[in-house]
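In what follows, a structure is listed as structure tokens, so that the remarks can point back to it.
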Amino acid sequence: MEQQQGRNRPFILYPRQNIEDIRSCVLENFGRIKYELPFLNALCVEIPEEKVQAIKTNRRVAMMSEDVAVSKLPIQSAPVGSRSFECRSRGYRRRGEGVAVAVIDTGVAPHYDLIKPFNRILYFKDFVNGRKTPYDDDGHGTHVAGIVLGNGYSSGKFQGTAPGAALVSLKALDQEGNGNASDILAAMQWIYDNHQRYNIRVVNLSLGIASSPYTQIDPLVLGANALVFKGLCVVAAAGNSGPDRQSITSPGTSPFVLTVGSCDCDNHIPDFSSRGPTPSGQPKPDVVAPGVDIISLSSQNPKGYIAQTGTSMSSPFVAGLAAEYCARHPQAHPLEVRSALLDLARPVSSASRNEQGWGRLYRGVLR
């Protein structure tokens, strides 16, 4: 049979019944299956342009959505300066010990603050290039990981909020910090399948896409919700599209995700931090955390540090606190973790609910 010509378009397909039915539909129409996602009962596929309508109207297909572009969420990087915010060490404490945090991002470099005095990178999986050993060709993921669980080994002072936790790094964004929803969902599927093996309790998502008014078909929201229902606390950056209203990025629009905006060292909400409500009218973000000139790990120097700004930096601050809570309360449901952290937030300045949520979370609130 002659191969159909034309540009292939990426989609996420949801069957009316099971994946087997929809798999045959895709192959019959000269499509390619990129990933199978049993946790969502879906397939990530590439379909020839001229076959899209045929699949869309096929009775075996319940729903299909575009495999949209996803990107990291920092707004700038800078050398460490006098106004940079640092998480100072007050004696070496193993907050978060026994818990693993999964970070879906650009990868992770083997920085000394993660691998010394012993290696806390439990597992690395690369959905972009298929490499086996940890690396980060962008730097964003390494910086994020350090905010969660850097132990200050190189500096003696720059620590994450859970320096005793372990890391599972899933590289789903490329060297420019860009990717597709399908790669993020494939990473989520891996977490769904392997969270018990590595004791993953928290997932950090410092990435996003423009929010959809239809969260019931938003692929990242569906994936994040499935992880929460599986028992994982999902923490997501609110986005850097402020100060406009309704600028929260997906998956932070999910009501089950702990969505984090930014504040600066003076407890002001910076203009870049995305504001709520969500398209469905739900107040967001849930909390704010430091996100301006945050010092964390450099991917270019195994002993080096760099300052970055954005809600990408605020989310891992809270993910580390969630890991610490899970270490103290091993049986806690993710919605219990979320509720406990909301209760610990403190309002800042005169910011509205859709600017700061329940308020700012501080390092050391869990005593």
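Each residue, glycine too, has its Cβ placed from N, Cα and C.
The following features are taken from TrEMBL:
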type	residues	note
ACT_SITE	D105	active site, charge relay system
ACT_SITE	H140	active site, charge relay system
ACT_SITE	S312	active site, charge relay system
DOMAIN	96-359	domain 'Peptidase S8/S53'
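Within the model, the domain 'Peptidase S8/S53' (96-359) shows a mean pLDDT value of 96, rounded to a whole number. If you draw a 10 Å sphere around the CB of S312 (active site, charge relay system), it holds 32 other CB atoms from the protein chains shown. The Cβ neighbour count for D105 (active site, charge relay system), using a 10 Å radius and every protein chain shown, is 30. In the three-state DSSP classification, D105 (active site, charge relay system) falls within a strand. If you take the Cα of H140 (active site, charge relay system) and the Cα of D105 (active site, charge relay system), they are about 7 angstrom apart, rounded to a whole number. In the three-state DSSP scheme, S312 (active site, charge relay system) falls into the helix class.
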